[in-house]
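Quick notes on the structure that follows.
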Amino acid sequence: MWRPSISNCVWSTLLLAIFVQQTLAQRTPTISYITQEQIKDIGGTVEFDCSVQYAKEYNVLFLKTDSDPVFLSTGSTLVIKDSRFSLRYDPNSSTYKLQIKDIQETDAGTYTCQVVISTVHKVSAEVKLSVRRPPVISDNSTQSVVASEGSEVQMECYASGYPTPTITWRRENNAILPTDSATYVGNTLRIKSVKKEDRGTYYCVADNGVSKGDRRNINVEVEFAPVITVPRPRLGQALQYDMDLECHIEAYPPPAIVWTKDDIQLANNQHYSISHFATADEYTDSTLRVITVEKRQYGDYVCKATNRFGEAEARVNLFETIIPVCPPACGQAYIAGAEDVSATSFALVGILAALLFAR
């Protein structure tokens, strides 16, 4: 029976050791572990771990690899001149640990751990750092809208921030949106056929749970033909007393407003005083004061409003009464002579007496 000699055993062991050494020397460096994606707040701390194998003879780098790569470390030496960064190496686990304190918004991005084998051959692993940022509504969002009644309106709202902000639409005073709800979620709010009732202030609200969010006010103007309402279509007043005739006009753009009687346009003079008062939401109150009413001034008056989208008119009838109406005749006295005062006084006394005896 053949038995190996001692010299043969030594030779075999030596060959095995050489084979193992060559095999190990030929092993390609690998990255066995890299920290998973990190999400941090501004001012916080993050640590990236990169574990390597078979890389003792190679250079290991940390880089920030966004548009322009920034070298942070080489081997166990920190390269970046920023006191917020630090680097440690754990030889037991062959792990490089890159730490960033007091995280800033600009620290967000992709970090790469890289083993340099040659100028053309590298082994890399990446980890992404996301930094929570409050929403900021972008300048390319809608600022304001002017549209004709019946046309389509589209409002857009975009915001930066992390996590991605949610965009919610509201109206002033929580009025119902054209979508038939108090709120609408989405970057674009569409009104297929805008009505004058849709005008007003809309709020674009961006929120992602970081800070208090951001808001933009968008003013929507709707162009439409005038609409006139008359609070008191018939008014009575006694002779020689003032009387105010009123009409309310709703229109955009602001209309031209005139008062007429018997197809003759009235103007400010000793008989009439015309005033216009613009209120919010495209309303205008127009008042025609008839000064010391005369017989010929009783009858129909027309309030007419016109803009480039159309026109409207409404009538107000002024009729004669015996007793003065207050307002606007409160405290007003007309003295044309003693005879007039006496006649008026006797007339009023007679009316009051008749009313008393009738009981």
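From the backbone N, Cα and C atoms, a Cβ is placed for every residue, glycine too.
Pulled from Swiss-Prot, these are the features on record:
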type	residues	note
DISULFID	CYS50-CYS113	disulfide bond
DISULFID	CYS157-CYS204	disulfide bond
DISULFID	CYS247-CYS303	disulfide bond
DOMAIN	29-130	domain 'Ig-like V-type'
DOMAIN	135-221	domain 'Ig-like C2-type 1'
DOMAIN	226-317	domain 'Ig-like C2-type 2'
CARBOHYD	ASN92	N-linked glycosylation site
CARBOHYD	ASN140	N-linked glycosylation site
LIPID	ALA336	GPI-anchor amidated alanine
SIGNAL	1-25	signal peptide
(request) Quick one: of the recorded positions CYS50, ASN92, CYS113, ASN140, CYS303, which has its CA closest to the CA of CYS204 (disulfide bond)? (result) ASN140
(request) Please report how many Å separate the Cα atom of CYS303 (disulfide bond) from that of CYS157 (disulfide bond), as a whole number. (result) 42
(request) Consider the recorded positions CYS50, CYS113, ASN140, CYS157, CYS247 and say which one has the Cα lying nearest the Cα of ASN92 (N-linked glycosylation site). (result) CYS50
(request) Measure the Cβ-based neighbour count of CYS113 (disulfide bond), defined as the other Cβ atoms within 10 Å of its Cβ. (result) 26
(request) By Cβ count within 10 Å, point out the most packed of the glycosylation sites listed: ASN92, ASN140. (result) ASN140
(request) Take the C-alpha atoms of CYS50 (disulfide bond) and CYS157 (disulfide bond) and report the distance between them in angstrom, rounded. (result) 41
(request) For the domain 'Ig-like C2-type 1' (135-221), jot down how many residues DSSP puts in helix, in strand and in coil. (result) 6 helix, 44 strand, 37 coil
(request) Measure from the CA atom of CYS247 (disulfide bond) to the CA atom of ASN140 (N-linked glycosylation site) and give the result in Å, rounded to a whole number. (result) 42
(request) Would you count the other CB atoms within 10 A of the CB of CYS303 (disulfide bond), including those on all shown protein chains? (result) 24
